[in-house]
Amino acid sequence: MRKRTVYTWIVAILCFVVLMIVTPAIPQSQEYHDFADQRKFFGIPNFLNVVSNFPFLVIGLIGLVLCYHGNYFKLSLQGELWGWTVFFIGVAAVGVGSSYYHLKPDDARLVWDRLPMTVAFTSIIAIFIIERIDEQKGTVSLVPLLLAGVVSIMYWRFFDDLRPYAVIQFVPCIAIPLMAILLPPMYTHSAYWLWAAGFYLLAKVEEALDKPIYQWTHHIVSGHTLKHLCAAMVPVFLTLMLAKRSIETQRISLLQTWKISWTKVKENGSNVESYTCTYSNVPVVESS
């Protein structure tokens with residue numbers, strides 16, 4: 001198993017090196033800071049983009065408290081406790097860092113927006129490895145993954161190249177839904193992972209449509225503000241999952257569960273059709 005782990009890391013590193021060689025650098029566009037909604041209220045510039053980060057702070061602090069208050073989440077593994085602690089710290093820090101950035105958007109402040117998001121992304125990967133693959137490997141991977149996230153931010157800041165950060169941000173978007181579907185879960189309510197992934201995808205769409213949404217809503221709300229609110233639903237769903245879940249007695253992947261459900265639906269449909277055909281062939285006796 002150790003050799004397999006080493007080979008996996010070697011392959012991942014080689015793929016990353018090849019990616020860095022064959023792809024051009026991605027500089028940070030300064031147009032990124034030109035958000036649609038720049039209105040000022042109560043003396044706060046870019047008001048809605050600033051205050052829409054408040055849910056991150058709230059849910060991050062709530063999650064952090066529940067991790068330790070009487071072990072409300074019933075985290076039985078030490079690695080899980082560390083992973084979720086780092087995740088909720090990252091979420092709470094997003095609320096502070098992103099608000100700080102949106103008060104006066106520029107590259108220097110953007111670091112404090114992206115850094116806590118990266119902490120949350122990388123901790124989630126470690127948590128998933130703990131739950132779906134191996135506890136020890138996931139626990140050990142937490143620190144290297146966090147360091148990889150920090151390095152990606154520093155690399156962008158010093159070399160104006162977003163490629164490492166893009167890998168750190170988008171790999172979880174692909175890997176986590178796939179693992180949630182294909183790998184058998186340790187706990188119940190694993191479908192909440194897919195709800196969280198869906199809201200994050202919606203948030204990215206709203207971010208890309210910042211100005212069109214602002215026009216479509218007649219300057220009521222911009223896509224970037226909605227992006228913050230939808231992205232905040234990710235830790236909300238994960239917190240609900242932690243509160244509701246229990247140990248899964250039959251570890252069956254979501255894909256297998258869906259196959260079983262679909263088979264039952266087909267069987268029920270066939271039984272209903274068979275019953276209908278049999279009933280239709282019964283002769284009807286008319287009374288005189």
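For all residues, glycine too, the Cβ spot is worked out from N, Cα and C.
Record features (TrEMBL):
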type	residues	note
TRANSMEM	7-27	transmembrane segment
TRANSMEM	47-69	transmembrane segment
TRANSMEM	81-103	transmembrane segment
TRANSMEM	115-133	transmembrane segment
TRANSMEM	140-159	transmembrane segment
TRANSMEM	165-183	transmembrane segment
TRANSMEM	225-243	transmembrane segment
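The transmembrane segment (165-183) is in contact with the transmembrane segment (115-133), judged by 3+ CB-CB distances under 8 Å for residue pairs 6 or more apart in sequence. For the transmembrane segment (115-133), the list of distant contacts is 77, 79-80, 83-84, 86-87, 89-94, 96-98, 139, 141-142, 145-146, 148-150, 152-153, 165, 168-169, 171-172, 175-176, 179-180, 183-187, 235: same-chain residues at least six beyond its ends, Cβ to Cβ under 8 Å.
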